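**Q** Swiss-Prot feature annotations, pasted as is:
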- D145: active site, proton acceptor (ACT_SITE)
- V28, A29, S30, G31, G32, F33, S34, Q35, V36, K51: ATP binding site (BINDING)
- 22-289: domain 'Protein kinase' (DOMAIN)
- 361-390: repeat 'ANK 1' (REPEAT)
- 427-456: repeat 'ANK 3' (REPEAT)
- 493-522: repeat 'ANK 5' (REPEAT)
- 526-555: repeat 'ANK 6' (REPEAT)
- 625-654: repeat 'ANK 9' (REPEAT)
Amino acid sequence: MAADPTELRLGSLPVFTRDDFEGDWRLVASGGFSQVFQARHRRWRTEYAIKCAPCLPPDAASSDVNYLIEEAAKMKKIKFQHIVSIYGVCKQPLGIVMEFMANGSLEKVLSTHSLCWKLRFRIIHETSLAMNFLHSIKPPLLHLDLKPGNILLDSNMHVKISDFGLSKWMEQSTRMQYIERSALRGMLSYIPPEMFLESNKAPGPKYDVYSFAIVIWELLTQKKPYSGFNMMMIIIRVAAGMRPSLQPVSDQWPSEAQQMVDLMKRCWDQDPKKRPCFLDITIETDILLSLLQSRVAVPESKALARKVSCKLSLRQPGEVNEDISQELMDSDSGNYLKRALQLSDRKNLVPRDEELCIYENKVTPLHFLVAQGSVEQVRLLLAHEVDVDCQTASGYTPLLIAAQDQQPDLCALLLAHGADANRVDEDGWAPLHFAAQNGDDGTARLLLDHGACVDAQEREGWTPLHLAAQNNFENVARLLVSRQADPNLHEAEGKTPLHVAAYFGHVSLVKLLTSQGAELDAQQRNLRTPLHLAVERGKVRAIQHLLKSGAVPDALDQSGYGPLHTAAARGKYLICKMLLRYGASLELPTHQGWTPLHLAAYKGHLEIIHLLAESHANMGALGAVNWTPLHLAARHGEEAVVSALLQCGADPNAAEQSGWTPLHLAVQRSTFLSVINLLEHHANVHARNKVGWTPAHLAALKGNTAILKVLVEAGAQLDVQDGVSCTPLQLALRSRKQGIMSFLEGKEPSVATLGGSKPGAEMEI
């Protein structure tokens, strides 16, 4: 029996059939030229992705089948951590069996998730690594279909690219056929302008660089390029030098994102020769990812809005308050309004039936007379058995109005006639809340004597004791705690009265509440204690009393920040000193890994750096991605901060996770004085990071002649190769910066010879 012709052409490439997989094939992606199914292998119990070409029927032409097989064979040979693995071909149906990527394509993720900056940068960097690998193959393998749909993400959101096989299509198609086919495949936006302008030129590596730039734009903005434009409009715009809008680019983005935008612009340059190669791109994306990962997130100070009733007083001296007047004016009975306004002047205060009715806004004569402060007239009206607890449309009872207006006689009169001391308005405020807000201990005592709930909580959970603590009314607070008010009740965000008193720095209230059993370390929802709030606001006396009373100086909030972290980040020298005296830890890390010294270095607080150093803080403490305080200072701080840390004993040669030393960062940032300072403290000029770059490589890449001269004088060698055999000399030549070129020509006569041999030729594809 003759062998299957397909098998004859497969060589060592494994062949699968539908029977090798379980019956349930799940469609996970579909495009104009292919469908991707998820299927489980029967024996291996492993999930695979099977990319089928619905345009190729079972009796497809042998050339089409051969193309698919050739493509699979080519892809299977390529082994790299950021390129999807190929396991073989499927005969029935015809397709390629490949590694299953749990999170699907970047295209799908961008449309359904908001990605953090760190993840966006990592995807950009890993994509550049994959493309650099393809371009470094001999001969270079061009992708020619780089787009979010072909950037796949595994279960940990790491990148693997697929579908780098369009070169055959291009060889077999006319330019117009290729463009039309690209439009159908949804990749027109990723085609560079030279493809529209130069009819005979074959695509080169810079084609992929342009496509990569559009991918960067999509990742940064999470939008679709050229949305709303038809095929011809896109071609015309791109050919004319126009690109996706930069309007979404925001000044609020981190500085590293602004630098990524600069890289993106260079990658989509109209002139292919001016676009960087992927080797250079990986250098920049690695730098930017490393810098972004070291960013310090200091929790923002959240102002505590002063709690007040949302209602204005219904009575103003000598006249009817505007609110109550407006409610009366809004009534649908103008005649009644006139009668009601005359009540205070009438000797006969017995109202007619129509005057006792409730109107649209539910304001009654009793509300009006209470707002007027007319005790005797209210007494006469109450004698006619009116509803003493009648409520306006906003829930106001006469007693609430009297309490808000600080009318103790009216409150007593209304309570004597059975007014409910716990009836609340629409915001949940009881009369006792108003008395506490006003510091009216007389009315508060009267209300409590008539059954007012001492721990009544309004809609957002505030009690009268919270309000007394906020407004520094010790008289009311003492009355409330004498009536067993609970000092540990939490409002909606978790604040106790002690949180409120500490935030506003009301020392007398802090002392009173702590003496009455308030929990010193009670936590809000964000886990902040009263001490956190007092430190954040700089309330020294409140801090002092809390610490004396036994508050824990190292309590951590939801970001892992203790009071000392906050004080160090905000430059509160005296508070730092006080916290250290009460035993605050110098080495507690936040969730990002930052110690108080990291934060002081990041913010540039020199006094606090010296204080922490004198207190024996670890100058080499490792934070996020193993950055020391000196790394943060070299990257973000002023030269004086770098100098202070070095004087205090910081190690100038500490290497972070990717091998970057403070000298690398100072060179990358072009801070000349920091470079000098680090070298004077014996920074290693030959230090190499994980990809083999020395500080001299970075100086050459940045085109900074002054710093490169200093490094050379300190012994830097210009012929040291990095991980891809590139020297600072070669980077300098490729940067084409005149100052660097002039310096090198004078410093190193052999540069001309090196230039003649095209030092970057093996990388510049």
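Residue 1 is the first one shown; counting continues down the chain.
In case you wondered, yes, glycine gets a Cβ from its N, Cα and C as well.
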**Q** By the count of other Cβ atoms within 10 Å, pick out the sparsest of the binding-site residues S30, S34.
**A** S30
**Q** I need the most crowded of these binding-site residues: V28, V36. Count other C-beta atoms within 10 angstroms of each C-beta and give me the top one.
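**A** For the binding-site residues V28, V36, the Cβ with the most other Cβ atoms within 10 Å is V36.
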**Q** Can you check what DSSP calls the residue listed as 'active site, proton acceptor', collapsed to helix, strand or coil?
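**A** The residue in question, the residue listed as 'active site, proton acceptor', is coil (DSSP, three-state).
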**Q** Near the Cβ of the residue listed as 'active site, proton acceptor', how many other Cβ atoms are there if near means within 10 Å?
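**A** Looking across every protein chain shown, the total is 21.
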**Q** At the Cα level, what's the spacing in Å between S34 (ATP binding site) and the residue listed as 'active site, proton acceptor', rounded?
**A** 14
**Q** For the C-alpha pair, I'd like the distance in angstrom between S30 (ATP binding site) and D145 (active site, proton acceptor), rounded off.
**A** 16
**Q** Taking residues 6+ outside the repeat 'ANK 6' (526-555), which of them lie with a CB under 8 Å of any CB in it?
**A** 301, 304, 493-494, 496, 498-499, 501-507, 510-511, 514, 520, 561-564, 566-567, 570, 572, 574-575, 578-579, 582-585, 588
**Q** I need to check the long-range neighbours of the repeat 'ANK 9' (625-654): which residues 6 or more away from its ends have a CB within less than 8 Å of a CB in the stretch?
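**A** Here the qualifying positions are 290-291, 293-294, 296, 595, 597-598, 600-602, 604, 606, 609-610, 613, 619, 660-663, 665-666, 668-669, 671, 673-674, 677-678, 681-684, 687.
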**Q** Give me the CA-CA distance between V28 (ATP binding site) and the residue listed as 'active site, proton acceptor', in Å, as a whole number.
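**A** Taking the Cα atoms only, V28 (ATP binding site) lies 20 Å from the residue listed as 'active site, proton acceptor'.
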**Q** How many Å lie between the Cα of the residue listed as 'active site, proton acceptor' and the Cα of V36 (ATP binding site)?
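**A** For the residue listed as 'active site, proton acceptor' versus V36 (ATP binding site), the Cα atoms are 17 Å apart.
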